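Inspection log for the structure reproduced underneath, given as structure tokens.
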Amino acid sequence: MAKPKGGSAAAPTHAAPPPTKRLPAGAKATAGLCVFIAAMGVVAQQAYDIRMYAIRDYGYVIHEFDPWFNYRATEYLAANGWHAFFHWFDYMSWYPLGRPVGTTIYPGMQITAVAIWRALGKLGSAISLNDVCCLVPAWFGVSASILVGLFAAECSGRKSAGAFAALIMAIVPAHIMRSVAGGFDNESVATTALVATFYCWVRALRDRPTARDGEATADSYAFGVVCGLAYVYMVSAWGGYVFVVNMIGAHAAALAAGGRYSSKLHRAYSLFYVIGTAGATRVPPVGLAPLRSLEQMLPLLVFLGVQLLEAVEVERRKKRLTPAQVWKRRVQLAMPAAALLVVATAAILPTGYFGPLSSRVRGLFLKHTRTGNPLVDSVAEHQPGSTMMYRQYLQNVYPLVPCGFALSLLRLTDANTFLLLYGAIAYFFASKMARLVILLGPPASAFGGVALGFGFDFLIVDALLRLLGYAAEEEEPGGKKSPGPALDVAAREEPKEALKDAPQGGNGGAGLLKSKPKPSQLAAAAKARRAESRRAETNPFGGVAAAREEAAAAVMAVADSPGGVKTRLCMGLALALATIYAYYDFHAYCHRMAEGSSRPQIMFKATYSNGQTVMVDDYREAWLAYWWLRDKTPEDARVMAWWDYGYQITGIANRTSVADGNTWNHEHIATLGRILTAPQEEAHSYARHLADYVLVWAGGGGDDLAKSPHLARIGTAAFHGRSESVSFAPRSNSVFHGHCGNDPTCSNFGFYRDRSPTPMMEKSLLYKLVLNGQRGVAVNSSYFEHAYSSKHGKARNSLVRIYKVKRVSLKSKLWAADPANRVCDAPGSWYCVGQYPPALQEFINSRRNFKQLEDFNVKRDAASQKYHEEYMRRMGGGAGGRPAESAAAAAAAAE
């Protein structure tokens, strides 16, 4: 079906007469640009202000758990330099093994913070590194909000949509949740890098009138390079880079499959992939993963595919092939290429070169409590999303998103299809894992901006101009009228239009406008029409697009009638009033959420019965908790605690921790869980070789008792028992299997419905340490001596309790500290892993490395498969699965 021309639609009898006045050339575009720039100023102020609650209320304090490691690593980089940072083996964490920080950290945020700090120092600022780290999330929250505005404007072709999108992104809780001042976490920087990469990608795909016959544009070269560089920064900042590269790869594949392939797509994607992959392989935790991991095979296959398509495209232009010949040539090249790829894969696969999907990625396609990995299943942020969650983090934007999505479907440009695909995929992932709602912030803001931008442009500006007798559109550089605010169709008839079918100036974007076309523009437009005609012939969706444009033309004819214009103005006024009302509510809600998100985990406000408000600072103030550890324990003291608190033990207390949130060693965390959930006598026999102190969170609510069922489950998923009565073989898919007998979910460790503990729970070290002195519970002081309790806490408990381990093995401590007992990967190397002391070897030898059975490189056995199936059955609610140990029951019992 041929594409309808601007005047092909029959005008209804009630159509409005042609406008008699025209705005000066470029006036509307210039005014739009000025408004957009002014809006970005408001965005910057709003985005910065809402993220500063933590600084205003609590001062320059690092928040949460992970940010403390990030700050400690930043300090190390600033003090020791680049080389030492990437060769840093930290023996104060993951005792006694240590952690090779240089090869397990995404260093982008640390490098950024140090660079900013040093730059400010050269400019004469006396700001401290701590203060810079506290402010980095707020600064990058501003930049991410502005980039979302540019991204939405590029995709929608409307600066008004970009302005509204940026205003939403500035304060929407889905973005604030990871970008408040003091929250020095990777996502605060990575969101900016993500949006910058996506903006450069869609900008590289902008159409140009001078591009002839599907040839590459200057934008595809320039922004393809910048897109690759932005992606490298994204990789250096966050492990979520896998989403970014797959998102762009999926979009490139969708464009090619939808008949929208052109050389600009080839140049943009090739430059992005080559530069991005080359840079990504230089980031230590990544290495060759882009070429080996199944999670990143799609972008690699797309890269190979666009090379094949470009070879045919070059041949088409050279030999002037028909569409049928083009498809035939593509098949001729694809068949042998696919055969070669299959043979190569079959040859490489047995060598173990390709890696499997990680547990976290697999969890996106399974229920979060059933990935098969109890460590991953224990993380609350891995629970699936819900409507309540979307309303919590999007609030009034939530109903706008489907409106913006539907409006975007009416305008299918290369850039806008990316926004549609991004929104759909981000929604899917957020529905699978609550933590990934952060990915939904930018597209939700963009769709909200599209919906509000439509109301502003189409219902107010466009209608008002027509009511005053002005033409609502202007000619673009190629001469074609810019499309309507909501519909990408040339459906309105204007007198003396110079170039009805010249291509747009870029994804529907506007530039400075010219009144008369030059001869070169006429020639370029003619060639562009021929190229567009050929592309339409090969586009399988061309008929649908033509039908859509015909329907849109009829709708616009009615909307431009005198009655339609007045109706639009009335609707626009109603929408404006409703938007102002909703915005005040949205603004107040977002500020409440921001204030709540700005409360550090190490500090909170409390109110006495007499109304006096105090700042409870258990983890930071002198003589309290971590500072007590720092001031009252030897410098070489080792502190055992669940991994949640490891970063703060090393970052605030400056003491050695047994484990932390990096969770890189499944078996070591299982060892920790096994000790804490064992009977106190047995636990002491192990702990005395690993720790001098034990710290527990005992404040009720989400304390260690509430988490304890996960600790037991992780422990049993690591160690094997030696009892012959255990039906699972010693090499089953667990580490300390005998800890909970035949039950891989450890359902016998927890609380009954009446809040009484199960026998296994009642005997455990963790239960006695948390409830010592309450409910008749007492710790055996010959094993663990109470050393410190914080003053404040939830319910009637102290928030933090610290116990001194009695009869510590000095022999084991000295043995582990001796560099001669570390195992180096090469003589004189920095990469030297510590070892467990000899006294623990029998205990350590009883465990087996955890097997992720979905890893096709791991040899399966019947016992491992049986263990895995039983775990999945019980976690799915099968008989015997978790009758007494729900987190809610554990939390209630702790209260």
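Cβ from N, Cα, C; glycine included.
All annotation found in TrEMBL is predicted automatically rather than curated by experts.
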Segment assigned the feature transmembrane segment in TrEMBL (from 135-153, 420-438, 572-590):
135-153
In TrEMBL, which of 245-265, 287-307, 812-832, 875-895 is tagged region 'Disordered'?
875-895
Sort out the residues at least 6 away from either end of the transmembrane segment (333-354), same chain, that have Cβ-Cβ distances under 8 Å to it, and list them.
292-294, 297, 304, 308, 311-312, 856-857
When you scan the chain for residues with a C-beta under 8 Å from the transmembrane segment (446-465), skipping those not six or more beyond its ends, what do you find?
23, 148-149, 151-152, 155-156, 158, 160-168, 397, 400-405, 407-408, 419, 423, 471-472, 484-486, 559, 565-566, 568-569, 571-573, 575-576, 579
Could you break down the residues of the domain 'STT3/PglB/AglB core' (638-693) into DSSP helix, strand and coil, giving a count for each?
28 helix, 7 strand, 21 coil
